[in-house]
Amino acid sequence: MAFVYSGGVNSWRRGSVLDTCFRSQQSLLCYPHRLSIDITPALLPNAPPGSNYFSVKCSPRVQYRISPPPAENGLLPIPINGNTMLLITMGTVMYPDTLVERNNPNKGSWMWGPNGHGAILLVNCDSERVYGKKLDTLSAEVTRVSDLKDMSPMMLRTRGPPKLPQGYKLAIHISQGDAETVRVYKTRSTEGVHQTLKNLFYNSFVKDYPLVLGFKNLSKEVPYPGGNAEMKFYVEGLRFPDKDFEGLITISLSLLEPSSGDFPETPIFTDKVVFRVAPWIMTPNTLNPVEVFVCSTSDNYEFLKGMRKLVEKSGYKLKICYEYMNRQDRWMQDEIEFGYIDSPHQHFPVVLDSPRDGGLQDFPYEELLGPDFGYVTRTAYNEVVSSLDSFGNLEVSPPVTVNGRNYPLGRIIIGVAFPTATEGRNMTKVVQDFLWAQKVQRPIALFSDWLVVGHVDEFMTFVPAPDKKGFRLLLASPDAAYKLFRGLQKDGHGQAKMFDGKPSEITVDEILSDEKLLAENNYVQSCIDWNRDVLKRELGLDDDDIIDLPILFHVIEDNRAVAYYPDMVNMIVLGKNLGIPKPFGPKVDGRCVLETEMTNLMKGLGVRCTYIDDFASYHKNLGEVHCGSNVRREPFSFKWWNLEM
């Protein structure tokens, strides 16, 4: 077999002598060609680099045929108009490599895991506009070149004749089901990739990226680049995975052949690329902080003073939301939850806005949304929003392994009504559906409706630990509190006062003699014990992984409880620094017994305890330090697409 150059760019003539070959176990036997025997030569592997097409010549008595390519994702040339051949393919950024792959056979499917494959798409949920901002997903145009960083590049490549035969067309298309989840833009520019990448650093307006596919355009004819050429597209994600959207999007390219008469063209070849939309990912207390958010109100000076000192000591940024924006809503934790989205080519933080919509309702959109800072929310149109929809009721564990199954991104934790309750409060279904649909942090439901406010952060949190486990679960424990107070009484400190100097001061003896308070805390302990068992089972924990904190509760309405004194488990975790509500416990030798006990419990973890006075401004309003603050953290180093599902 021989290839002969006949002049011009990539112009080749191929001559070949074909033999019929039979393979036996011992040898390969070749005979001269005989009548009625088919020969199937593999021509493509022997083509010179840059060859575009080939022709066939044979003796008058010899018949030939060209096998059609597979219906989809074929990488063989397509026969068109007699002897003319064409190779077309689409490629995109795929993991594990961050390069555009030309002929990867896996691009038409998606598989999880370190040995998986598939293309990844970000939801373009930030805003390139600084003024008059709105989500980029709401604008069906590319207004700034910087917006292209948030999209996935996709290439159309051809190897074939300079022009398609008369009547043949190329069309790119999506399904009706994907129309609300994706947009595709085409670049008119003929500049190379390097120039395009250079332009990304300029915050300039762009008019050279027309919309090709979207809600109103399911199919679009695209010009044939001609010869050995390529055309670049940008793919924009519009929706996060949800109950009605798995997160997979297919974009197809078809070669259309003309039909006779007035009949429409018919596809003779289709190539496709499958994208998975990147999930929204929460960040646990064990990840490094980036910045801390709190509110300034007319009555929280002491709290702000303590937070400023803690954040400055920890070496992080403090951002204060002032009254013109918070409108006297101090509960920063309840309004928002920070997370992020990630792909091989781009990642940025994304804030999830809760449906509670208090005085802080405008804060995430007006103050956080911006270039490379995304926003997402879920609105409960047909559901009653309760306190359980605030995001003090939304936490995430550090990475865990449970019965051999790894959760390298941890597991989401929410609070709901007890499973047998008929009239309990629950987190709205629209938020729960969103959390479950992200897949990578499989949620755990705890029983939190026993609390007046009903948030999981009122009885649990996670702190870092220097051992292999990497963390400890802290749980509020009335039993631990009674044990501590009985020990004080036994040692002769029964007259030591809680809340010393405050109107609500009370002695240890009075607390221990209150039978109603004891009964309430026995009930609370049973609720926490139920959750303890769930957490041990769902996070793969032993008792040694759990630290019980001495905290009492009391029932105030509807048989629901609140913390009796500042709830030390409701803390802020900033690396190795813990910002803990100052409990105002009984004092022995001038030292708060509760602070001493808490510090001793944390001693082996290598963390430092700072006690912040939130008594008047937060505790009296049924919240604490964690409720009144929020932390944006660094993303995981682990890549979500390597998760084994």
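Going from the start of the chain as shown, residues are counted 1 onward.
Glycine is no exception: its Cβ is also placed from the backbone N, Cα and C atoms.
Given the structure is predicted, the values throughout are model-derived calculations rather than measurements.
What TrEMBL lists as domain 'Protein-arginine deiminase (PAD) central' is 96-257.
Summarising the annotation, TrEMBL assigns domain 'Protein-arginine deiminase C-terminal' to 268-642.
Counting every protein chain shown, the number of other Cβ atoms lying within 10 Å of the Cβ of Asp334 (active site) is 26. Mapped onto three states, the DSSP output places Asp334 (active site) in helix. Look at TrEMBL and you will find Asp334 (among others) tagged as active site.
Here His455 (active site) comes close to Asp334, Ser387, Leu388, Ser390, Gly392, Asn393, Gly415, Ser448, Cys627: these same-chain residues lie at least six apart in sequence, with C-beta atoms under 8 angstroms from its C-beta. The active site annotation in TrEMBL covers His455 (among others).
The active site annotation in TrEMBL covers Asp457 (among others). Neighbour density for Asp457 (active site): within 10 A of its CB lie 26 other CB atoms from the protein chains shown.
Taken from TrEMBL, the feature active site applies to Cys627 (among others). In the three-state DSSP scheme, Cys627 (active site) falls into the coil class.
According to DSSP, Asp457 (active site) sits within a helical segment.
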